[in-house]
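Just below is one structure, and these are the notes that go with it.
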Amino acid sequence: MSSELLVGIGELWTADPDEERAFVPDATLVVDDGRIAWLGPAAQAPEADRRTDVEGRAVLPGWVDSHSHLVFAGDRAAEFAARMAGQAYAAGGIGVTTAATREASDEELAALVAGRVRDATAGGTTYLETKTGYGLNVEQEARAARLAAGLVDEVTYLGAHLVPTGPDGQPVDADEYVDLVCGAMLQAVRPYVTWADVFCEEGAFTPEQSRRVLQACAEAGLGLRVHGNQLGHSGGVALAVELGAASVDHVNYVTDTDIEALASSDTVATILPACDLSTRAPLAPGRALLDAGATVAIASNCNPGTSYTSSMNFCVATAVLQMRLTVEETVLAATYGGARALRRDVRSVAAQGDDRTPVGTLAVGARADLHVLDAPSATHLAYRPGMPLTWGVWRSGHRVAGA
Ligand SMILES: N=CN[C@@H](CCC(=O)O)C(=O)O
Ligand SMILES: [Zn+2]
């Protein structure tokens, strides 16, 4: 693979957690063999095989979207319309998507997921997690995991998304279903997944059931994540911190104790701005979490029930405009923060001493995942919300979107 020199960068946003300044003006970078080979002042730039002039545009790491549910068929527009007319969101809608997903053939489902991955990439996302959770039986969860494994970067097992209904249309026994999730279903998905998640919430799984699932998955070697405190004070945050989960996501209903627990742990608090708008939930307290010292990630939570968008640009604008994060904090949360939530950030990779290439930060040796904006500054993401600001996207050094 030939090396490429990017010149004419207006602002280079490195999203490096160890650096004070958010961006470097007039920087240049060299991409080689899928990684960042060099970055520094334009005047000292080395030679490269190719040269691309981005003509004053801002360059950021590609977005790291650490929470999505892309393996589904059908939509829930009617449920959304009813919600906009005043109805509350409830977990039960997951069953509607499960029925539609089970109906789809492997080819149909794979094409739907691939299309959603393309959309995300076109919007600047270069590293993407997705979950199972609309299968809810052994065969269908394994199928979802297998299809996702070929299409996204990280796959999460979410068999504990909802207690499914049996042939009589009534929910099956919850504890027996948890046994299945911890047993045969886990064995069936295990070859395709590295993470496990649980929807710890009223109407889904209790903290005790969630603990059982997470412990069984940890014993099987999976990393842990939790959907917690989305609809109420579910106990999901406390459980995630207690079990050392990599992240707890949603965090809409949190106490000061929850915030302190997150701030003094390695568990990332993942906020989902588009979901909060689409469910008319109280916005997750991103400002308070950052002020307390917690690590925050921003993700799309793309799914047909609560957040039917993979637009990280939209999530970033919302976090600034509605949640009162600064642009600098928001860009860091949607890049380094997401990578940290997946333990694929510069610090985690260095600490683990493995040979994986870090993502979410632009530093020498990191994966060359670049998001070039059609604007001179990342501030435009919030200043001009909804505008088509993604100009070009590079993934592992290859241009994957844009002219
Ligand atoms: N909260 C649980 N899971 C999804 C929604 C799933 C659905 O309603 O289909 C979420 O993250 O919001
Ligand atoms: Zn989710």
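Note that Cβ sites are derived from N, Cα and C of the backbone, with glycine treated the same way.
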Fill in: Residue among N137, N301 sharing the Zn(2+) site, where TrEMBL lists H67, H69, H227 as binders
N301
Practice prompt. Would you identify which residue of R57, R76, R356, R367 TrEMBL lists as part of the 4-imidazolone-5-propanoate site it also attributes to Y134, H161, Q230, T306?
Written response: R76
Worksheet entry | Average model confidence [pLDDT] within the domain 'Amidohydrolase-related' (59-380) | 98
Worksheet entry | Candidate nearest G305 (N-formimidoyl-L-glutamate binding site) in space, where candidates are the binding-site residues H69, R76, Y134, Q230 and distance is Cα-Cα | R76
Discussion item. I need the most crowded of these binding-site residues: Q230, N301, N303. Count other C-beta atoms within 10 angstroms of each C-beta and give me the top one.
Written reply: N301
Worksheet item: If you check the binding-site residues Q230, N301, G305 one by one, which have a CB less than 6 Å away from any atom of ligand 2?
Response: N301
